[in-house]
Amino acid sequence: MPEFSDKQIQSHTPMMQQYLRIKAEHADMLLFYRMGDFYELFFEDAKRSAQLLDISLTARGQSNGEPIPMAGVPYHAVENYLARLVNMGESVAICEQIGDPATSKGPVERKVVRIVTPGTVTDESLLAEKRQNLLVAICPLNPKQPEAEYAISSLELSSGRFWLTKAHSSEQLAAEMQRLEPAELLYPESISLAGLPLAKAKCKRRPAWEFEQQTAFMLLTRQFGTQHLEGFGIKNNEPTLAAAGAILHYVKETQRAALPHIQALITEHPQDAIILDAATRRNLELQQSMGEGDTHLSAVLDKTVSAMGSRQFQRWLQRPIRNHQELNQRYDAVDALKENLNFENIQLTLKQLADIERIVARVGLRSARPKDFARLRDSLAKIPEVRASLSHRSLSYLHDIIEPFPEVVDLLTKAVIEQPPLLIRDGGVIAEGYDKELDELRDLATGATDYLKQLEQRERERSGIATLKVGYNRVHGYFIEVSRQSSEAVPDDYQRRQTLKNTERYIIPELKEHEDKVLNAQARSLAREKWLYDQLFEHLLPQVTALQKSASGLAQLDTLCCFARLADNYRYCRPQLQKETSLIELEAARHPVIEQLSDEPFIANPMSLTPQQRMLMITGPNMGGKSTYMRQAALIVILAHMGCYVPADKAIIGDIDRIFTRIGASDDLASGRSTFMVEMTETANILHNATAKSLVLMDEIGRGTSTYDGLSLAWSCADYLSRQLQCLTLFATHYFELTELAEELPATVNVHVDAKEHGDTIAFLHKVSPGAASQSFGLQVAKLAGVPEHVIHKAKQKLSELEHTHHGGLNEPKQATMELTPPPEAIPSHTEKRNPLLDELEQLDINDLTPKQALDILYQWQQKQKGSTQS
């Protein structure tokens, strides 16, 4: 939108002058400007909204001799349009008429009453019920070294949860962004966001002064009503406060209301949870599938029945904790909920509850709607039923958190009708009998039916018109209606109010006097009802903290019931946690997602990673199950640190601080990085940041480059992980030379995934056994994948040659053989004499070679060339 000087603004109509001044204060967002029954948009806002919302673009008046573009949406449907805009990442300022048109001279007074942004929405229609909607702020702790350390703060305005943490590197910052998935991100104008996974976030540059520590301290202490922040475990001079202060400033600016539901700031220390970097979260498919469909862990294992419970499940999944005392408390609760299928009855009740957490937040913001009050009342009425199921001592802490609120239930039962309308402006929300004055006004406004019937009968007799009727509509008010034929017989005091095709409508002084009384009573009745509605907020605000606490308890209970259901339905076992050492010992472990989605019975496998056996070198064919075996170990560790039972017959898990994965291969085209560059970047991150307490998953390291380079890198990485870092490592490879490391490296053991050959086919047993694989089955897998028969045949011929002429070198198991019929096509002959190696090179299909086959061919050619040179 073009900027206007004061002189240019003066050249517009008074209404447009008002619009331009308000728009200048909200230049970076769409302005919904209330005009009667519509919210209108002008200039560039109109063009943009017409494109985004597919609404008509018209014009109104002129500016600098050009028509002013205009678009609009009806006020009664505004929430639907807001939802669409927010989902597109747009921010909208809502400008309402606050003056009385009847008494206004010039334009009706207007002002922006709220600002809707992707990270600050609280309306039910604008939120995904099972996902957190986070506003996040970041800032460097040292402006001179902007990539050293970062303060990170996040706020879920729809619940009041407010967190503060720190990232010690740009890699940790990227991991936090992957974990939090912010709907909106605030950052100081002094830094760049390049390289962060923020595709879904609306990023907003903010002035540097909003990130000043002293400003933050003042805002936070004022919000919490304290003189310092030590009660929250935060030092008054804590540098990370800057990010929290920026969030609070932004929310106050957008909401333009008190924030009583934001009661505390929680500090999260990275060392208190298992750290999962961005690549690990992606590779393990915790909350997003890498393929099609909802096959990620969250989609498959989330058996909660309430929106609150589902969001709690996500929070525990995003941040698996290391506090064994708290984890064992959750295990105990799951065990108690499993008894007599107690979770079944509890979840039947929880399923009937509304989203108390978000309703309470709207109460705090004074934006709750009549239906919110009704659903809060009905949900709180069921809490005693829930608490009655929590008598077991392992559930007593939840019993104490989840309080009953009989006074609130009683208040809302008396005050709000059973099924109230959507908005208070429609009236009819406050129940009859709650307020004597309101009842009297309603009687005056609606209790005159008998009077109108009597008036109608009198006027029929007075006029002699038997079909005369007394009626009412919202446009013309009360009227007396007669047919066109009878209009000549009306008395002289009848004043025509409206002419229709076949009827005439009139008003008389007596009816006009009644209309004034009724309309006045209706206006007073609605005003009284709105006042009473506001008083409900005053009654409920002191209960907000306790209500939030109970809502949190209900969310935890639902998630624990989900864990109990998983344990009961799928034979999960209780993990045994050990603090003394880092280890993972599993008996009959399964992959929690594949087990549920596969039509075939899942083959369980053991795993042992201990101080005496820290690295497993895993070999076997593609599709054999190596990646599944590795991933299920990581997922079991994560589930155990959520407080969930795990898919195994027995699980002993030691102290794990981080999980790393180097799995899969793909280009990062957006950043201009090749497959190999992505692979090496992730590998470097592991080698720099893994500790002796870390679990590392390495799959096919080195395959993105030449055979010698790849083998050398894989060998060296395995050596470093084993000798230097001494972390728990699962190392899958097709370089069979690496199996020799079991004899060279300490605490390294070979295991393999079994497969059996049946004629021309291969059966994958998915069973993990000790020792290195005996065959690689590369040609059989290629055939299963649909590689053309003549290509398989050529590969078979070349493999046979290589196996007969192999001289020394590193040891590799032979390829399994297949009896294949030669294709009918003849190989063209060359009459001219030339180096036979060139013939072999022309016939070679490099796309169908494994790295090891390529290495062997190169070796063989080298030997042939040396022999021919010597002769």
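Any Cβ shown, glycine's included, is placed from N, Cα and C.
As written in Swiss-Prot, here are the features:
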| type | residues | note |
| --- | --- | --- |
| BINDING | GLY620, PRO621, ASN622, MET623, GLY624, GLY625, LYS626, SER627 | ATP binding site |
| REGION | 806-837 | region 'Disordered' |
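Taking the binding-site residues GLY620, PRO621, GLY624 in turn and counting surrounding C-beta atoms within 10 angstroms, the largest count is reached at GLY620. The Cβ of GLY625 (ATP binding site) has 24 neighbouring Cβ atoms from other residues within 10 Å, across all protein chains displayed.
In the shown protein chains, 25 other C-beta atoms lie within 10 A of the C-beta of LYS626 (ATP binding site).
Around the Cβ of SER627 (ATP binding site), 22 further Cβ atoms fall within 10 Å across all displayed protein chains.
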